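Undergrad: Pasting a structure here, questions to come.
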Amino acid sequence: MTLLKEFFIVGAGGFVGSVMRYLMAVVLASASLKHGFPYATLAVNVLGSFMIGFLSQPFSANPYGRLFVMVGVLGGFTTFSTFSNETLLLYNNGQFIFASLNVLLNVLLCLVGVFCGFEAAKIIL
């Protein structure tokens, strides 16, 4: 596999993942705005973590599939930088409980998501 081909595979997957991320933000925007908590970011991080756990075994032997789905799609879908920025904004706005809750929920639920994805893959695949 050539490096240029790998770039295109990852880029195509990243495009798909980024569009999926944007759609989740649009769908969950009203809840996030209404309650002042970044629900969309939490949702994509937990779902992305589950999917990484679920798909890691099936794509481990397929280098093209792994690059497209694991690196591209899920890399473009999950949002650690957005999570970090939103946490800092909450903290800077004096919302210390929401900032702490955001860190706790993202870390805990994403770990649970990966674990559940692994377990679901064992059962389903």
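Cβ from N, Cα, C; glycine included.
According to Swiss-Prot, the record shows the following:
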- Gly75, Thr78: Na(+) binding site (BINDING)
- 7-27: transmembrane segment (TRANSMEM)
- 36-56: transmembrane segment (TRANSMEM)
- 63-83: transmembrane segment (TRANSMEM)
- 96-116: transmembrane segment (TRANSMEM)
Undergrad: Reduced to three states, what secondary structure does DSSP give Gly75 (Na(+) binding site)?
TA: helix
Undergrad: I'm a bit unsure how to read this: which one of 7-27, 36-56, 96-116 has the highest number of Cβ pairs shorter than 8 Å with the transmembrane segment (63-83)?
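TA: Answer is 7-27, with the largest number of Cβ pairs below 8 Å.
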Undergrad: Within 10 Å of each Cβ, count the other Cβ atoms, then let me know which of the binding-site residues Gly75, Thr78 comes out lowest.
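TA: Comparing Cβ neighbours within 10 Å for the binding-site residues Gly75, Thr78, Gly75 has the fewest.
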